[in-house]
């Protein structure tokens with residue numbers, strides 16, 4: 001059983017300015033996106049599409065705006081709508097935290113539509129190029145969550161080799177013992193709490209780094225190294241992220257103000273299901289469309 005290091009949320013002190021880890025991870029995310037984007041320019045089939053380093057820089061400018069605005073307003077709408085309706089000015093208190101990936105995804109989608117329109121490209125050409133650049137940024141964001149000791153996982157057995165104690169969850173842990181007496185007795189968690197004043201939990205942020213970051217990046221990078229039908233890489237991203245997030249949510253603690261919803265699924269899982277379905281439909285469409293185009297070309301020749 002491990003204990004979370006309980007890092008200082010401030011990474012760097014610059015006089016009166018404090019650079020927080022989560023903000024630093026945003027910077028790391030966009031730097032990694034630039035690096036991956038530049039590497040993609042070396043692929044012959046990508047270079048043949050006319051992409052340039054300036055495109056990457058401009059794309060990231062749009063992406064930053066879409067991520068921040070979409071992520072914030074997505075959190076407001078999907079997770080705490082009633083609270084922000086009663087306290088509308090709190091919407092702008094971004095330093096207090098509260099970002100939604102699914103909201104950020106919608107924000108980036110809209111931003112890429114604007115970018116595609118400006119560059120006179122199709123939206124799917126842009127999202128296919130961007131898709132392999134995203135997982136590295138997701139991993140950086142989840143690392144920021146882990147450093148901050150937030151978005152921890154569900155309570156687990158103290159005998160699990162991955163079990164971790166999160167100081168920030170101490171108040172919730174005390175309540176968990178009351179609401180889950182049978183599970184607490186089975187795992188002897190009262191003894192653990194008496195010793196540490198915390199309960200062992202899944203480090204779900206690390207699971208997300210592994211699945212949404214490393215695994216999804218490898219899948220997308222390998223998939224997109226060869227020419228694919230327009231929309232295929234975007235579809236693989238939707239499927240891959242949706243499956244990764246849906247899976248990790250079984251180990252991640254649901255938001256305390258929402259809990260589990262219909263069918264015992266979390267909000268994150270319900271928001272991921274449409275991504276998976278849309279990805280499957282888009283992938284089938286992309287390859288069928290490509291097959292029809294190839295058949296028509298063969299007929300003409």
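Just so it is clear, glycine is given a Cβ too, placed from its N, Cα and C backbone atoms.
Bear in mind that the values here come from a model prediction, so they are computed numbers and not experimental data.
Listed in Swiss-Prot:
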- 17-37: transmembrane segment (TRANSMEM)
- 59-79: transmembrane segment (TRANSMEM)
- 97-117: transmembrane segment (TRANSMEM)
- 129-149: transmembrane segment (TRANSMEM)
- 203-223: transmembrane segment (TRANSMEM)
- 230-250: transmembrane segment (TRANSMEM)
- 257-277: transmembrane segment (TRANSMEM)
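In summary, the transmembrane segment (59-79) lies against the transmembrane segment (257-277): three or more C-beta pairs, each 6 or more positions apart in sequence, are under 8 Å. Panel annotation: around the transmembrane segment (230-250), residues 101, 122, 124-125, 127-128, 131-132, 134, 138, 204, 207-208, 211-212, 215-216, 219-220, 223-224, 265-266, 268-269, 272-273, 275-276, 278-280, 282-283, 285-287, 289-290 of the same chain, lying at least six beyond its termini, place a Cβ under 8 Å from a Cβ of the stretch.
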